[in-house]
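Following: one structure in structure tokens, then a few remarks.
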Amino acid sequence: MSELPSAAEQIWKGLAVSPGVAHAIVHVLKDHFDEPDATPIEPDQVEADLARWRKALEVTQTEIEALQAAMINEQGSGEAEIFEAHLLILNDNSIRKQVERTVRDLLICVDAVYYRLMCKHMDALRGLSDSYLRERYLDIKDVTHRVMRHLRGEMLDHPMFDDPVIIVAHDLTPSDTVQLDRSKVLGFAIEMGSANAHAAIIARSLSLPAVVRLHNICDDLHSGDPVLLDGDEGLLIRRPSAETLAKYRSREAQADAREDALHVTRHQPSITGDGCLVKVSANAEFIEEMAVVRDSGAEHVGLFRTEFLHLEDPDASEDWLADCYTRATKIMAPGEVIFRTLDLGGDKMDPRMTSEEEPNPFLGWRGIRASLGRRDLFRRQLRALLRASAHGKVGIMFPMVSGVEEVREARALLDQCAQELMHEGVAIGEDIAIGAMIEIPSAAVSADLIATEVDFFSIGTNDLIQYTIAVDRLNERVAGLYQPTHPAVLRLIRMTVEAANKAGIRVCICGEVASDVELTPLLVGLGLHELSVTAGQVSRVKHAVRKLSLADCRTMAEEVMCHGCMTNGYEKTRSMAMAKYPELFE
Ligand code: PEP
Ligand code: MG
């Protein structure tokens, strides 16, 4: 943190990950497992407070039972016994009675009473060498965390803020994000995070400013503090002065004028000066964004991340999913919506999916692996997608494909679902394009094999970069190594494009690099047919493509590939971008 105190305002500098400026009060989301404050309550609040806690216990029970059932499916009943112990702890009558008595006697909110009581039990077992007792300690910890999360979730379900706010948090997971009332959120200021974490991606998608790596702000700020969040410069300003606000107002007016000029041409096709069409589509995560996506000038939706709808309601029915997918499809009609099947795992954890924490979730049960392992969920989603395909143009793509077998297996299940629906007399679309995401080096290297199984490729550079260079996309210590112009990454992209061209299928990039207009010349030169970008960047990327010539971009890309140095590659594409469309960098 760099804090520069002044008489009237305080400034923190972090890393800008989503552009824009917001001026509002903050709402500080406390870490899930901070000891809850012992907030006093009035006698007439006791019953409502206890009811909230009982509801959290109930939801936790459903969650544990679902995990237990999943584990029986996966591994047989032996391993599932652990959840019996969890249910016994959850339903322990003496704990329940003691909590109720203490809340009534001391008139303290139930969160603090329950948490402290469970900590007392944990303290009694912590550090014991007996492995049985140590396991019991871990069981109590696990159950307590689940209940506390639901107690907090309950509060999030009933919005804690009536006015628009800037969310301040230690970290923000995708499941935290889906629980927020997004109509009231104007920006994100986060202590942890990185440009490629899904919270940052969502902020860009929703066109909300976001700044990460604002260390310790959760301790320094209080809900209700007025701040200005600058997602262009990475600044958070508490109590901005009249002078600062005036400076930002004039900057905003200039930015609006520039945006207006781009807005006018947004629906025109993106054809290079020498006649090559490079389509620009948009990425989306939420149904409520779709109107903005359609208005952005995007040709279609190149990536709809379905995990976020799943995290909003992990128990959603096939009917609800089909309805959501249909709504998205109808809004974009006649344009296509390419839905990516669930890419849970990594930083998009659904606690119900896995029964135990994985040592390295990004190399674990993620994407298509998890879907193929949870066929009940996968079938529900595929059937819902097929039903939506009767109402517009739907594409389906599989995430985290590592080789050809996974694609075959997923397609076979899709065909089976289509047959079933036809037998049931349910209409489905006729022309559904099926694609594979290329985001693991093994998939890029075997792209020629995978190409014969699909209608298109979508290159997920966010993951392709992390897996190729072995650099965690969320880890700020190694963020400097996360380089899209690393020669190995460029070779894998080129290999994928060549395999697609040979097989006569289309190839798109849907990772964040597609939204970066400094990289557009290089991506066009590498032969990408399409760029799927954040909705807010569509008009800019289209403008960039129109200003380029394919021949020049190809020559530059060839030079970059021969040179084999990532700094050189970045400088070459950047200087072409600056020369061809300087107006985008003003
Ligand atoms: C990617 O990896 O580039 C991608 C688009 O998928 P996600 O960011 O959701 O992992
Ligand atoms: Mg990915």
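Placed from the backbone N, Cα and C atoms, the Cβ positions cover glycine too.
Keep in mind that TrEMBL annotations are predicted by a computer and have not been checked by a curator.
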Name the residue, out of Arg294, Arg473, that TrEMBL lists for the same phosphoenolpyruvate site as Arg305, Arg340, Asn462, Asp463, please.
Arg473
Expressed in Å to no decimal places, the gap between the Cα atoms of Asn462 (phosphoenolpyruvate binding site) and Glu439 (Mg(2+) binding site) is 8
Cβ under 6 Å from ligand 2: qualifying binding-site residues of Arg305, Arg340, Glu439, Asn462, Asp463
Glu439, Asn462, Asp463
Hey, of the binding-site residues listed (Glu439, Asp463), which one tops the CB count within 10 A?
Glu439
For the binding-site residues Arg340, Glu439, Arg473, which sit with their CB under 6 angstroms from an atom of ligand 1?
Glu439
The domain 'PEP-utilising enzyme mobile' (162-234), counted residue by residue under DSSP: helix, strand, coil
21 helix, 19 strand, 33 coil
Which residue, out of the recorded positions His198, Arg340, Arg473, shows the minimum number of other Cβ atoms inside 10 Å of its Cβ in this structure?
Arg473
